[in-house]
Amino acid sequence: MIDFTCYPRLSRIQTPEDLRAFQESELRAVADELRNYLIESVGLSGGHFAAGLGVVELTIALHYLYCTPIDQLVWDVGHQTYPHKILTGRRDKISTVKHQGGLAPFPKREESIYDTFGVGHSSTSISAALGMAIVAQRNGDERKVVAIIGDGAMTAGMAYEALNHAGGMSPAPNLLVILNDNRMSISEAVGGLTKMLGRATGSKALNAIREGGKRIFGDKKTNATARFLRRWEEHWKGMFVPSTLFEEMGFHYTGPIDGHDLPALLGALKTLRTLKGPQLLHVITTKGKGYELAEGDQIGYHAVAPFDPQKGLIKAGAKKQTYTDVFSEWLCDMAAVEPRLLAITPAMREGSGLVRFSQEYPQRYFDVAIAEQHAITLAAGMATQGAKPVVAIYSTFLQRGYDQLVHDVALQKLDVLFAVDRGGVVGPDGATHAGNLDLSFLRCVPNMMLMAPADEAECRKMLSTGFHYSGPVAVRYPRGTGPGVVPSAELDVLPVGVAQLRHSGTRIALLGFGVCVAPAEQVGRRLGLTVVNMRFIKPLDRTLLLELARTHEVFVTIEDNVVAGGAGSGVAELLNAEGIVLPIVHLGLPDAFQQHASREDLLAEAGIDAAGVYAALLSRWPDLAVQNHPLSAVS
């Protein structure tokens, strides 16, 4: 348990209104307590860690100066919002983040009135905040709207689309965008000149001159004097920082400012609150600030399991091979014999298992940053020239490049292999990161071949099969580990569109897809039912399905995808096209966005673990229950 006597100031803060009761001179002490509390609480529970440590001062400054929740803060991605949650009535629950029934890992509108926009994917904040600012302007509402976006999220085109729109509007919306630059990707250093410039561009004097000039000379580009003054200011600032881009897009740029210097932050924000039109504040922060180990390993401490802050993360010993590990090994093995192979990732080198490949084949590795649309069309272009690109991407992020998959890859039947990680139920990261829809939205695309492995060995074979197939292919595999079937070192392929009969039985045929083959087989063998590892969602094994339809009374399809339009729907469509009338029971994920919990709990909740499949069968066919087949035997 956390001893709140160690946090005398933080213990007095339940809402931002309580924070505003402190004197400015006390905020440094509040920040120190908040940072230490974050370290202690996340150490107990696990969760996103380093990003939140980097925005402690910024979060305090925003809630201190802005009248939240009337003024609206829109956070991008959400990894950095633990301090925000702590200051907005959720301090005592922060250790429940990512746990079933606990706080969401990202901002969630249903959770708090201070969470103005739900998020989990990157680069949405400016668009959402602009929408809010436009409505406020139309309603004559003086509320302030602030978007907080990291420099990583600024690699996505959507952010620039929003900046371009906001900066070109007339009348101009009152919108503040805060660029949280924690990787020095925009400014290489915060030296003396840039510090001086940050103070100057954020000063009342310069802004008074600028605003006075607008009133005297006008703000139109056709006014020669105003145009000259604007160009002079841009030239002066452009010598020191890359502000010209934002200024050209119609934003008044302030910064860069040290994001851990509370007086500097407060001073700049006080000035910016008085200005009209689109504003951009550039702050420099350190991810993991205040915890030396996190500052030194920002990737390793991005998201953590529970740990002792006094000792830091302890490297795990030998662990069971994950599906991501299988992909990682296959990719390097295939690259060794196939010079055409090129690998692409949208900023997920570690998560998608590309670290080893990037080290062994740096000239064949392409990290395009958070740019899923570009990643897929880049792969399409490579394929037109005879290369075989492999796009390693999470299922949830593939949604962002769906048009490119359809229009640029599938329509042209280009040889692109999609290694779709985190398919199906994902777990603690919640609805924003779930892969519950991919079988549905991939199955309907013409020319697309789609596979889902039942185990690790099959995953490797499917990747090889997809690599050698002529046309677009997706191999969709889950987060975490599988049954433990060790893959061979060979690069064997599977016959396309051929399922695997796992067990011959009577009456009922259980058709399992991907991870659902294991519970289907566990239950089917116990009850004497036929069990099939379908392997292919598209094309389905037509020959086997027609044979089973002639010899069985009913089909039961089992998949970790929403039932609507999923793999089971494909089976029903095939039988319908053949004029076969046969009862089909579809077991899968619900028509709902599942919330955060462990994968095991979510699979059980959906009724597609072994116990759930068993219960579903007995509810429809009670005669299957015999003394030797108790529910507890398969739970």
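Glycine is no exception: its Cβ is also placed from the backbone N, Cα and C atoms.
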Further binder of thiamine diphosphate named by Swiss-Prot next to His79, Gly120, His121, Ser122, Gly152, Ala153, Tyr291, Glu372, taken from the candidates Asn139, Asn174, Asn182: Asn182
Nearest-integer angstrom distance between the alpha carbons (Cα) of His79 (thiamine diphosphate binding site) and Asp151 (Mg(2+) binding site): 13
The one of His79, His121 whose CB sees the fewest other CB atoms within 10 Å, among these binding-site residues: His121
Residue with minimal Cβ packing [other Cβ atoms within 10 Å] among the binding-site residues Asp151, Gly152: Asp151
Asn182, Glu372 as binding-site residues, winner by CB count within 10 A: Glu372
Inter-residue C-alpha distance, Glu372 (thiamine diphosphate binding site) and Asp151 (Mg(2+) binding site) (nearest angstrom): 17
Maximum Cα-Cα separation in Å among residues His79, Gly120, His121, Ser122, Gly152, Ala153, Asn182, Tyr291, Glu372, which the record lists as binding thiamine diphosphate: 32
His121 (thiamine diphosphate binding site) to Asp151 (Mg(2+) binding site) - Cα separation in whole Å: 14
